[in-house]
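Here is what Swiss-Prot says about this protein:
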BINDING   Gly74, Leu79, Val125, Glu126, Arg140  S-adenosyl-L-methionine binding site
Amino acid sequence: MLSSQLSAYLAEMNLSATEQQQGQLVGFVEMLNKWNKAYNLTSVRSPEQMLIRHVMDSLTVSPYLSGKRFIDVGTGPGLPGIPLAIMNPDKEFVLLDSLGKRIRFQKQVQFELKINNISSVESRVEAFQPEIKFDGVLSRAFASVQDMLTWCHHLPHNEGIFYALKGQLNQVELEAIPEGFELLETIVLQVPQLDEQRHLLKLRKKLG
C-alpha cells in the first residue's frame, strides 16, 4: 500500500527513484511508525500521513539542493535529512539533534536500511563546530528564520546556502532577517495530498 502510494506521489512530483530507493523510503516510514509508539518521535500517527507529511514534504526540496555536503539542524527523527540522503546518494548529510533517542533512531535507520551517506551527531547547534564548512544548511524545525541564521551562521562556508522549509510565509519574519544575510529566493512547494502552504527560503551570507 505504502509502496504504490509512494510511486504515485513521486510521479506527481516528477522525481525518479530506483527500486532500492523506494524500498528505503518505505522502510523509513515503517521504522518511524514502529519506533514512534515507544519513543514519541512525531505527532503524526499514521504511516500514510507520515509518508505525505514527512517523506514527501522533505523531498520537495531535493531539486533545489546545490553542492555535496549538507547539515540538517534540529533534524528530529531525520527530517528532511534521511529522505533527502536516500534520494541523493552522491551527497553527504550530517544530521544534528540534541536528543539522544532521536539520534539512536537515526543510527538504527542507517544500519537497517544501509544508508551510507548520513552521519548523526548529538549536539546543540550552537555548540557544534564542523571541521569542514557545509555547502548547505537545512532546517524544517526552527521557529524563525532569524533563529536559524543566528544559531547556524558558523556552519556553511562563505557561499553556502541556508535552506529554510516553512509553512505559511510570515512577512514580519522575512523583514527581520539579520544584518549580513540576504534572501536569495522564495520557492512555493507542492506536496501531494497536502492542502497546506509550503515554502522554501534560500538565504546566504552577504558577499563582500
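For all residues, glycine too, the Cβ spot is worked out from N, Cα and C.
The shown structure was predicted, so the numbers you read here are calculated from the model rather than taken from an experiment.
Counted over every protein chain shown, other Cβ atoms within 10 Å are most numerous around Leu79 among the binding-site residues Leu79, Val125. Spatially close to Gly74 (S-adenosyl-L-methionine binding site) yet at least six residues away along the chain are Leu96, Asp97, Val125, Ser139, Ala141, Phe142, judged by Cβ distances under 8 angstroms. In the structure as shown, the Cβ atom of Glu126 (S-adenosyl-L-methionine binding site) sits within 10 Å of 11 other Cβ atoms. Taking a C-beta cut-off of under 8 Å and a sequence gap of six or more, Arg140 (S-adenosyl-L-methionine binding site) has these contacts in its own chain: Asp57, Ser58, Leu79, Pro80, Ala164, Leu165.
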